[in-house]
Amino acid sequence: MKMMQQSALAYLSPHSLRLLQQRCSGRLSFYLNALFFFSCLCLLRLENKPFARWRKSPERYFPKVDFYHLKPADPLRLIIQALFLCCLRFDKNKRQSLNDRLLTLSLRLGHTFHAQLHAIFLALKGLCLDLADFIASLSDAGAASGSGSAGKGPSKLRLLTGFGIALVLLLLILWCITQPLTLLYQLIFVGLMLELALLLSRMHNNFTLLCLMVISLIISSRYMFWRAGYTLNFITMGGFVCSITLFLAECYTFLVMVLGYFQLALPLDRKPVPIELAPEDYPSVDVMIPTYDEPLDVVKPTVYGALNLDWPKDKLHVYILDDGTRSEFRDFAAQAGCGYIVRQEHKHAKAGNINHALTKTTGEYVAIFDCDHVPVHAFLQLTVGVMIKDPRTALVQTPHHFYSQNPFERNLDIPRIPQEDSLFHDLIQKGNDLWNATMFCGSCAVIRRAALDEIGGIAVNTVTEDAHTSLKLARRGWNAAAIAMPLAAGLSTETLSAHISQRIRWARGMIQIFRIENPLFGRGLTLGQRLCYLNAMMHFLHGIPRIIFILAPLPYLLFGTYVIYAQAAAILSYVIPHMLHSTLTNMERQKGYRMPFWSGIYETVLSWYITLPTLIALINPRFGKFNVTAKGGRIEADFFDWAVSKPYMLLIFLNLLGFSYGLYQLCFDPAAEIFSLLLNLGWLSYNLVILGGSIAALHETRQVRRFPRVRLNLPLLLETTPHRFLSVRLADFSQGGIGLVFDEGLYPKLAAAFKPGARVRFYLPYNQEYYGFNAELITLERSHAGLKLQLTSIEEEKRFNYCTISRSDLWSHVTEVENGLLPNFYTVLKSAVSGYKEAIKASPGSIRLFFAFYACVFELLFSFVPQRPLPLKINEVAAHV
């Protein structure tokens, strides 16, 4: 103690104080930092190992503090960072994942409440042993009584036993849901459930995923039971309206969660069925490519892909269904060797176009592709076999895959994010397939003509004719299958506004089906089919609940009205486990198809715009018309889409207003409820992050390429002189050109053989053959080159299509994505910051000042967030070695 006092007195020497004053930004900063350092010297043993390490490299361990320009708030930053460092484990070999850290935390909590946990475990152990003895006795009795009936299926006793066990488990789950607990025992219960869920999440199989779903349902059901029975505000009319509105929104999300768990309980990964027929016995197939106002350059690759399908040519008939009645399309169809169908009356949009073509064709099967979806060669070989094997299968649907970036991928510049709709096409359709509820998606599918004739063709009563058609087929007892292999690829929407327009049509159409042909009523559907179709329709009603969640903290922050009438600690003990378990379960089940937190951004982007169309469809399902999704456009320059962003800006303004007033109460209102304010401010902060990520997608980035590039790594031969070749590699291709990569050692040879603008002959391999094409050299660099294609005939274009975008193995690669909670939240946070920066840049002066003020506030708040130590510099590593 005496040494500490001497150190503190030495610290008060004039030289030390003068040095500190030089490193402080002002008088207030000097006084606060001097008091802080003096207190540390008096109270802490700074010679201990952790303090010595921090003092040796303060810039590394306290990266948010500038020790040469100290600020008044730096003592608080130092305290928060020091507490964080004390809790941080420094493992040189392996960094703990979030699940491991949560598991460690839950185990520590378990040690803290050892007595209570021991009693609970003893009770559960006794219950399990009694249940096991009971089952064993029943099994012995069943074996004794049923020994003479072996081979006749399960006995009644076994069935009753199974029913009894299920009933006991159900009663136990109901008891867990409805049992009231004190705050302490609620924390113990959710801690146990969290520990179990984290253990199960480390074992990746269907059984553990089902267990995770059951645990999540128990926790969420318990939360909803608590919300309904204990937290509704009946004190004032305003409080009741706000409270019941939030509760109804939560009921919607709970229903969608339950339906989603049912839908994805056991996804069926169906494999293609080989066709065991001689080529002359293959069924005839009509390939239909409907188009309306799309440019010919968009349609050509699809037509070539259809003509290149591996199918007997006398059994394959390709048709362009041109609702635009354009002469250039008619001429192209004649030159390419495919059919061309037009109609006089353009009724019922795409559905009417296909129905008219059905009257002009006779194929046993009908394959339908949107005009930008290019099939691979093996499409029919991998799909029709299922229908030949099962005569009652009416539909085989494959995923919609896209080779151009969607607005989220391009505008947010996140390279390893799954495609926004891959969750439905690649995963949910597998879940639907288990319940025989696979949905027709309008393209990349094969349908049996006899089934279409039975239901009167493609449905025309709604603007989502595809889903309505599959529902009609299911009601007639036809089967549907999903093959989760990308066998065709198309163009994504070019801009976020086009994406929103497309989703508005989908939302309106699904709610039209909900009103016109509700899957819950009527004959012909199984329970599984009804629930799968119901979930697909309920999903598009998320607009109002999402807006409610964004605005829910404001009544309390602005008016003191409780939307959840409970103590902050109780709210946290129920809300956090509910959110954490649902997030953890969805993260495990949707791994590779949807990253955590991104559903919030996707739904927020759409919520405002689908709310009115879905409400109108609920009231008047006949209202609305089909709108064509624009494809194949270009974006000449970067711009921020202010027209689309207006509703988001209003929501951001309201949240910032509530956040400002909440901070004011926190700092200056002596009667403020601190924990309730902090809870609502945290809720608002999360909303602002999600809204920031949403407006980040509104910053449209420049897209000047006429045709999108597709990555393809293949060997390629360049002909330098007649019969002399150089081996390079194909990096990417498009309809207009290719990109090459090669070792820098080849550059002198290439530079000597070719000059920019020179004609080049190259050869692409496929199926053990090489196909030659002509091109013009545009760029030649040290390790890469760009070539512009010079294809002079339709046959050459078909052959290039055959070697590139129609390759059967082109879309078989799997993109690795980051699936952790913290890394994904950090990605969302970076996107949000980027979104606010772009909005500030593009905004008028007055709005820019408003945003800049709040940007400074949030920058100040984030400066207090602790951070992991910076990595060692090279010289520091050498010193450690």
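Glycine is treated like the rest: Cβ placed from N, Cα and C.
Of all ranges given (29-54, 237-262), TrEMBL attaches the label transmembrane segment to 237-262. DSSP assignment over the domain 'PilZ' (703-797) gives 14 helix, 54 strand, 27 coil. Sequence-distant contacts of the transmembrane segment (596-619), counting only residues of its own chain at least 6 positions beyond either end whose CB sits under 8 Å from a CB of the stretch, comprise 408, 417, 420, 496, 500, 503-504, 507-508, 511-512, 514-515, 540-544, 546-547, 550, 583, 586-587, 647-648, 651, 690-691, 693-694, 697, 819-821, 824-825, 828, 831. Across 207-225, 547-576, 639-662, 674-698, stretch 547-576 shows the highest tally of CB pairs under 8 A with the transmembrane segment (237-262). Contact counts against the transmembrane segment (547-576), taken as Cβ pairs under 8 Å, peak for 674-698 among the stretches 207-225, 639-662, 674-698. Taking Cβ pairs closer than 8 Å, the transmembrane segment (207-225) reaches residues 173, 176-178, 190, 193, 196-197, 200-201, 250-251, 254, 257-258, 261, 265-266, 574-575, 577-578, 581-582, 584-585, 588-589 in its own chain, all 6 or more past its ends. In the predicted model, the domain 'PilZ' (703-797) has a mean pLDDT of 90.
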